[in-house]
Every structure is written in structure tokens, then in C-alpha cells.
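These notes are about the structure you will find just below.
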Amino acid sequence: MRTIEIFDTTLRDGEQSAGVNLNTIEKIEVAKQLERLGVDVIEAGFPAASKGDFDAVQRIGSTIKNSSVTGLARAQQRDIDAVWESLKGTAEPRLHVFLATSPIHMTHKLKMTPDQVIDTAVQAVQYAKKFFPVVQWSAEDACRSDLNFLVKIMERVIDAGASVINLPDTVGYITPHKYGELFRYVRENVPNIGGVKLSAHCHDDLGMATANSLAAIENGADQIEGTINGIGERAGNAALEEVAVALRIREDFYGATTRLKLDEIKKTSSLVSKLTGMRVPANKAVVGDNAFAHESGIHQDGVLKEKTTYEIITPELIGVNSNRLVLGKHSGRHAFKNKAVELGFDLTDEKLNEAFHTFKDLADKKKEIVDEDLFSILTNKQTEMTEGVGFTLERMQVQYGMDNIPTATIELKFEDGNVTRLASTGSGSVEAIYNTIEKILPGKSKLLDYKINSVGGGRDALAEVYVRLEYDGENTSGRGTAQDVLEASARAYLNAVNRSAQRSHSRGKEAVQASL
Ligand SMILES: CC(=O)SCCNC(=O)CCNC(=O)[C@H](O)C(C)(C)COP(=O)(O)OP(=O)(O)OC[C@H]1O[C@@H](n2cnc3c(N)ncnc32)[C@H](O)[C@@H]1OP(=O)(O)O
Ligand SMILES: CC(C)C(=O)C(=O)O
């Protein structure tokens, strides 16, 4: 059976989803989970894009041991140098360099002739080969490119040293049959293609990213690129969990497998969803909440008699535990630690202890603590920011009545220990809270987006709020979890402001270090 390599780009193309902004700590947590999932390659970012991206790629490169780490670069020395600086010293530094090959992109975006594109691509790959043992070259917008041109440029970049060639469907335009043909065509027509790995990278604009990726596999692709939960630019990328599970369930047809530990899928999906704030739709294939739920009588009858009547995937395959956990207010640290490890967390004793106290407080208020609650508490602790930066919510009181104007009184503690208390009104309770916080904060802020989810089920479920703001001219996002919707809303707002403060704090530290 063939083994298909999995190239995960959740932290690069996935982070290109509108409204998603992960900090370095969060990216490292995602990378560690991707390593546990068993992906072959992690595309950790685009180092030339920003200092934050550079740092994240560097830290992921030095943390991850069992997956290769790569970074993206345009066909420019400056971008290639940035990837090299971030990954030199890692076990197998790997570069992903791209240049568009379609007439639309070459004419309107790059403003280059086809010959200039060939020369630029060749020079970039030759330059990269001085540093990187593995160079992957992508023909951006390959699916709207001229086939003869594609064959010509592939031959040249292979000669220049590229050992992986990616044929992305950048705008989600191709259909499965045509994508399959493209892979077969280049295999048969590029003279020096023997030994080169072919990679597929699909977008979901027409809802065909998974089908197209599978068609590429049927026609000789060696590597599939995609993201967890299918997040990514515009309508997103191919969802890796769908591709990997389809290969397993239809092994009879595809005759191909991956190295993924499929029972890590659900956990990876939940982590990515939680940290990005991009909720997985209930009916999403493989990882949606309803993926294993049977609603109608005839289906339930069938499943009770024989599961396979209506279930082609077992929940256990992707790591959904059908045994429900019973951890409650009488549980102790051992059981809590045991569960944390089982859920894939590796916290210091100090953080575990703090998470344990949060769990106990919640257990006092909530009837039943389920895995989702613990996952939320432990993820918050794992990705918590540096102590002492930003504002802390000390107290909050909200008055609401159908005939009254909602009023929020809030007490915030500043980094220097000073406490400010203010009250303000709004047309609703959340608006009253945000108006009050905005009055207390020294910077100017504007709410851009607000989303609320419930964690777990039942009327006592935790509320999880995601916000996007502009704070002091910078876009930032944050999340807050609490049993009460209003408290979660306040915490999310402060988390977004604190993340922005944390970034300024790191920039300030770097400037001081640079001046020494
Ligand atoms: C299909 C994809 O997903 S590609 C990856 C998309 N990801 C990103 O864009 C990452 C975030 N990007 C950024 O931070 C910025 O765009 C940067 C730092 C990369 C570049 O910023 P700027 O220098 O201000 O350029 P800007 O983004 O406005 O324009 C892109 C330039 O790169 C050029 N370019 C685009 N792709 C390539 C390429 N593969 N190789 C060389 N040049 C390229 C464009 O033609 C344009 O050049 P021009 O300035 O001469 O017209
Ligand atoms: C950089 C390339 C691979 C890309 O993201 C795309 O073409 O969609």
C-alpha cells in the first residue's frame, strides 16, 4: 500500500483565514498537537511576513522533533533568507518557495513574462539549494496555467534542485477529473520527474477540495497539503482529517494510507477550533458534533440492531471517547492530572495546580464536568500569556431590567497595580460592559466582531466568547470563557487588549535589547 505524506499548513494558509490571529504560544501548542497527530510536514508560517511569524517558525522549528518544519517564501532572496534564519540548525530545514504560473497571475500580479517567471523560479530554487536539503517549489495557480508552460517550468526547477513540486489549485477552480488528469499529464510529460515528489494543495471555493485531493492521490500525488478543519484563505483548504479518514474508510478503493494517528483527530480539531475561534459546523464531515449522531427513528432502530447500518466511521477511530468522564467536585489532583495527560496536555506542576483550582471552582457551580470543560480550562492555562502584562478584571456588576437601561460597573486592575472603577450604560448588557471597559482603557478601541459558543451541552454549559477589536490602531483578537455569558464577554475583550499589549511589550523588549 502507498503511504501519502501529509503536509499541514494550518499555521500558514489556515492562519490566512479572515479574522484569525494566533500568537506564538498558541502556534506552538497547535504544532505540538500536529506532531502528536503524526503529520509529516508542518508549514509553520511565512517568516518574511512579520517578526511574529519569524519567531513562531523559529520556536516551532526548535520544539518539534518528529515532523519536518518548513516556512513559505516568495521567489526572492530576502524571503528565502528569512526562512533559513528561522530554521537553520533544525534537523531537516525545508523550504517552500512559490511563484505563480498562470497567465492571469503572471500578467496582472507579477507583471512578468513567462520567460522572466522561469528565470526567477530557477534562480530562487538554485539560491535555496545552497542552504536547504529539501526545496519544495509551488506553481501558484497551477490549475489555470498552460500545461506546456507548466511542464517547461517544472523541468527547469527540478534541474535547479527542487525535489518536491506542488501543483496548487490556488483559487479552488478545478474539478476532480481535471485535477487527476493534471497529475497524470505532468508525470508522463516532464522528462526529469522521476524521484520528484508531487504534492496537491486544494482550496474549497467550489466545495471540492477533499474530492480534488483524493483525485490527485488516485493519479499519483505523493503528498497532500491541507489544514485541520479545512480552515484557510477564503472558503478554506482541503480538510486533512477528511482526506485521511476517507483513505482509511475507502482503503479498498484508494489503496493508500497516511502516517496519521487518526485517534488524535478530534483533539486536534477541537484545539484548532478553540484557538482560532472558528467553530466547526455541527454537520462537518468527520469532526462535526453531529457526525456520529443519529436522529431519526428508522436510523436509530437500525443502529441499535447493527451499528454498521448507518455508521461508516466509528467515533473511536477519530478519538471520540464514547465513555463519558466523571470528574466532579469530589475529584482530587491525581484523577485531574491523569485526565489532563489523557487529553494530551503537558503542564508544569504550577500550571496544573492553577488549572485544578479553576476546575474545582467550576465543579462547585456545574452539575457535571465533561471533557469539553476540562479541555477548555487546560487549553486556557496552557496558552496563558506572561503574567503582569495588561489588565485584570477585578469585579463586575451588571444591572438589567426590561424597563431599565442596562448598566455595567467594572473594576479593572492595571499592570502597575492601580485599580479603576467606572460605570456606564448601553443598549444591552454586553454593550454596557464594553462601553465601560472602553472608558477605563487608556487606548482607543473599537469592536469589530463578536461571537459566542457554548462549551459542552446543557443549561450550565460554559460560555466561550471570541472578539476581534482594533486597539490603538492594531487589529487584535481574544477569547474568554466563563460560566456566565457576560463575564465571558468581558474576559474576551480584555484578552484581546492584553494580547495587543503583550505584542507591544515584546516589541519594546526587543528594541531595548537591540539598543544595548
Ligand atoms: C497563495 C498564497 O496563499 S500566497 C501566500 C500569502 N501569504 C501572505 O501574503 C503572507 C502575508 N503577506 C505579507 O505579510 C506581505 O504581503 C509581504 C511581507 C509578504 C509582502 O509585503 P509587501 O512587500 O508590502 O508587498 P505586497 O504584499 O503589497 O505585494 C506583494 C509583492 O510580492 C510580489 N509577489 C507575489 N508573489 C510573489 C512570488 N511568489 N515571488 C516573488 N514576488 C512575488 C507581488 O508581485 C508584489 O510585488 P510588487 O510590490 O513589485 O508589485
Ligand atoms: C503558496 C501556495 C502553495 C498556496 O498557498 C496556494 O497556491 O494556495
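Cβ coordinates come from backbone N, Cα and C, glycine included.
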D13, H201, H203 bind Mn(2+) per TrEMBL; candidate in N66, N148, N237 listed for that same site: N237
The region 'Regulatory domain' (392-516): DSSP-derived helix, strand, coil residue counts: 43 helix, 52 strand, 30 coil
Output field, Mn(2+) shell: CB within 8 Å of site CB centroid, site D13, H201, H203, N237 dropped: T9, P168, D169, T170, C202, A209, E225, G226, T227, G232, E233, G236, A238
Binding-site residues whose CB lies under 6 angstroms from ligand 2, from D13, H201, N237: D13, H201
Close in space, distant in sequence - H203 (Mn(2+) binding site), Cβ under 8 Å, 6 or more apart: P168, D169, T170, V171, G172, A209, G232, E233, R234, A235, G236, N237, A238
Per DSSP, three-state class assigned to D13 (Mn(2+) binding site): coil
